[in-house]
Amino acid sequence: MLKVKPSPISGFPEWLPAQKLLEAGFVRKITRIFESFGYAPIETAAVERDGVLASKGEINKQIYSIFRPNVDTAAERETGLSLHFDLTVPLARYVAQNHHSLSFPFKRYQIQKVWRGERSQKGRFREFYQCDIDIIGDSNLDLYADAEVAGIIYLVFQELQFGDFVIHLSNRKLLRGIMEVFDISGEGETLEFLQILDKVERSASGIEAIKKLIAERIGKSEKLQSLLDFLLAPDSSNREKLSLLKEAEFESDVYRQGVHEINQVYNRLSDMGCADNRINIDVSIVRGLDYYTGTVFETFLTGHEKKLGSICSGGRFDDLASNFIDRKLPGVGVSIGLTRLLSYIFDKKIITQGKSTPSHVMIAMMDHKNIPRYIQWMQQLRKDGINVEIYIQNAKLAKQLKYADKKGIEYVIIFGEDEEEMELLKLKNMAIKQEQTFPLTTAISAISDKIKEGITLRD
């Protein structure tokens, strides 16, 4: 029989245990923060009807359709079912379907795989985990929700400790008002303006290049000179930027509303204790212009902005489920591309990959007759929240210690002939290669205390 050569499938990442343990630890930290603010987890089906996915208007080249290839019928190949490509569309369908059973404002988080049929390349995946958090209101939603979501993301990246980060904050109404005032209208002209802003480098030379591009492509350089001077101001403080936005006094109600809202969100973030150097008022954010209606934010790791791009983005939307029900459901949310972010973190060695096991302790298999004792000790330690495994093979102690060392197990309990004769238990610290003995009658309790001093137990 011919053997099938095992090989990875492009765009479908598979990580080793050490990486998966790190991922699981990060997810625990994220969910702990989400839940501390009262957000509840949900999970939606991996499969949605094509009509549901089409409600966002971008499915043809992105979705993976579901059918059984061994059933050769047209009906089977046109099931009308596909894998979801994000978590926003399933959320809209879920809320519309369950709105009578949900309490509003509805606070939900969702960490789940999504699938996108796009060309695989470095940092782009066809299967990946997405981590979303949203607050959905019924008819209205207070502006505090925008600040709360941004504040939660601040705490998440502070807790993950991937390095310095900055949350770029804007309001979609500012750009809409600016385009209204400067008569930037029509699909082509609007797109040109937004593309220019999207590509700007925050430097004096970058701003001059943008002014030149606007003069060449849009022909409104004179009108936009004063605008760009403060819109892109790279060295202004957040308070200065907010003052400049207010002082502009553009004749646009939409613009004035945007100024009010961004001030409110910024002030609430300050009230929440967010460091000012972690927030950047950045009016040039253009992502999601056709979707977001108010507050928008993007998060970047300092020093990795160009190679990694935004690691978390989101904003305010007016009506989540208008394609499904006649009920206004405004909301605000953000999404972290978890797999993409962690793949970069691992690749650049921003964090050190450690253990390939959750075990804190290994009990060496010295004599099968003592297995009942090993089990008893294991159960006692587990009750204290310590992860324990028994080495299950017949092997010399040196091989067992090598196994523990390779997997990153911190401690090994040894109970050989000598220890049994002297009624002692030996504990070996694998990091510093030191051994300590304990009287057998009190050993497990003492060992438990010793281990808990030297390791951080998962909750």
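Cβ coordinates are placed from backbone N, Cα and C, and glycine is handled just like the others.
Keep in mind the model is a prediction, meaning the values are calculated, not measured.
Per TrEMBL, the candidate among Arg116, Arg119, Arg124, Arg278 that belongs to the L-histidine site alongside Asp86, Leu87, Thr88, Gln130, Asp134, Arg287, Tyr291, Tyr292 is Arg116. Mean model confidence for the domain 'Aminoacyl-transfer RNA synthetases class-II family profile' (30-358) is a pLDDT of 86. When secondary structure is read from DSSP and collapsed to three states, Thr88 (L-histidine binding site) falls in the helix class.
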